[in-house]
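This report refers to the structure that appears directly beneath it.
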Amino acid sequence: MDNKPAPMDLPTPNKLVEEEDDDSMLNNKKLGGIKTMPFILANEICDRFASSGFHSNMITYLTQELNMPLVQASNTLTNFGGTASFTPLIGALIADSFAGRFWAITVGSIIYELGLVSITLSAVLPSLRPPPCPTQQNCQEASTFQLWILYISLLLTSLGTGGIRPCVVTFAADQFGSDKVITGRSKKWNFFNWYYFSMGLATLTALTVVVYVQENVGWGWGLGIPTIAMIVSIIAFVMGSPLYKKIEPGGSPLIRLAQVIVAAFKKRKETAPENPKLLYQNKELDAAISLHGRLVHTDQYKWLDKAAVVTESESVSSNPPNLWRLVTVHRVEELKTIIRMLPIWAAGILLVTSSSHLHSFVIQQARTMDRHLSKSFEIPPASLSIFGILTTLSGLVLYERLFVPLARRFTGQPSGVTCLQRMGIGFVINIVATIVSSFIEIKRKSVAAHHNLLDDPKAIVPISVFWLVPQFCLHGIAEVFMSVGHLEFLYDQSPESMRSTAAALYWTAISMGNYIGTLLVSLVHKYTGENSNWLPDRNLNRGKLEYYYWLVSGIQVLNLIYYIICAYLYTYKPIEEVKEEEEDGEFNGKKISEKGVELARNETA
């Protein structure tokens, strides 16, 4: 008797593929989760420790070790800070297109490490620095070769940042379901609050330990410690590789957006049907870019709907169709979602413009003030940032434990306030912080004038440095509302296949704000005269820093008005989760996610 299986029992190629996909999905479900957090957070904590220790006191290294003028040093750091905030957009596109987030983080960390090694060598080797200038008068500035070593080091760290920043937070969020990340239904703490809390602890440690070493031991060890920490971060991240849930990149998001625009333009003379159900949809085509649900059709920007109009000459049986002529509703809605987000995102640019140079100026203020905690111990100027970090850390705890339950009673929102309302509160607090900064500078200079110290740039004004603490605390509170809310907004409202790119938008806003901030400072320095310059190169006592603070406060007020208008008009994205049950070859079940529809219908800015 022939024991060969009957033809009907043979697995078809399609069944083999389906079985492989099922096995892959089963294995993917076993990956990720809370067990990956020690590796990811260890990587990001060490990375943040390294970057904070490297950048927080760099203004001192440039002005005291390389003998740069204040404005040139501040502009240098702001420009490279802008570059470091722009490269995440490139890194995100690479990660979302073909590399994936894991490899983007790994390669970016290695490039960042090369930059740290380079600048550490420049701090160790005397030939790479100009002669010391303790008086800060008639100093020999760094040579062209020495500056190039600095610039190459800063450029490498900026490039490395491009792979790390847009991918770490989204890669960590990928280890959980999207609902767990945003709503916190399975976690007591919102994921983004945990992320910021961990980063705050790392920054706090760097601002105390590393800055103290830089000021009291030397810049060789002061930059060497962050270099070692970055090596540890790379090792920790790579060790967790077998546990990670690695979502396959869904192709270049920019190409998909371009396809929608081109298809809509080609069909600009077509008439979109009144019933959106007649527009082209293809679940299989969108499967890789809509794991948590497809986007529902919206009535905004209807001219883009023409990209999904099926004409008589087009055959929808071909899978996929020519995507430069016909795209799905989900892909059209991806573009609409990005367009809706852009005005909110843009509001962050002028906020960064206003605050881009404040850290550098405050450090120079602190250097002229009494920093003694005891007769033998002085707090390093850059370490004053710990007050802002401590405020942020405690603020995150109080936000979840006190503010959210209290606000929930009045708003009925599960999160207390929407992410847009949270950002708006942050904008207001930031304005108050800048105004407070101006009054403190007026107080500092009045004390200097009373003791006839205005013409001595190295004099220590007999006023406690702790007068600067209130503005740091206010900026820390603003961070709790503005920065966390901004990240949450970009992650939650972006199309799921573009989340790395959306996170990069956060850093791109910082980049553009830094560049505009450099332009603003340069113009103020150039056009406010030589005798009464607002931002002098060497002697801050003869400057008008409080005028600069008032200027940026005015810019922030205008920006707040713009933001309120944009937030009021914003429409949250609705998501459709399709639950399919095959019965006789037909689909008979569909479920609309409560989260998507609730946001679309009930939430207001």
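Numbers here mean position along the shown chain, with the first residue as 1.
Backbone N, Cα and C define each Cβ position, glycine as well.
These features come from TrEMBL:
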REGION    1-21  region 'Disordered'
TRANSMEM  77-95  transmembrane segment
TRANSMEM  102-128  transmembrane segment
TRANSMEM  148-173  transmembrane segment
TRANSMEM  194-213  transmembrane segment
TRANSMEM  219-239  transmembrane segment
TRANSMEM  341-362  transmembrane segment
TRANSMEM  382-399  transmembrane segment
TRANSMEM  420-440  transmembrane segment
TRANSMEM  460-482  transmembrane segment
TRANSMEM  503-527  transmembrane segment
TRANSMEM  547-570  transmembrane segment
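Here the listed stretches are 194-213, 382-399, 460-482, 503-527, 547-570, and the one with the most C-beta pairs under 8 angstroms to the transmembrane segment (77-95) is 503-527.
Here the transmembrane segment (219-239) sits against the transmembrane segment (194-213); at least 3 CB pairs are under 8 Å, leaving out pairs fewer than 6 apart in sequence. Comparing 102-128, 148-173, 194-213, 420-440, 503-527 for CB pairs under 8 angstroms to the transmembrane segment (460-482), the maximum falls on 420-440. Remote same-chain partners of the transmembrane segment (194-213), defined as residues 6 or more beyond its termini with a Cβ less than 8 Å from a stretch Cβ, comprise 41, 44-46, 48-50, 52-53, 56-57, 169, 172, 187, 221-222, 225-226, 380, 382-383, 385-386, 389-390, 392-393, 396-397, 479-480, 483-484, 487. Counting Cβ pairs closer than 8 Å to the transmembrane segment (148-173), the top stretch among 102-128, 382-399, 420-440, 503-527 is 102-128.
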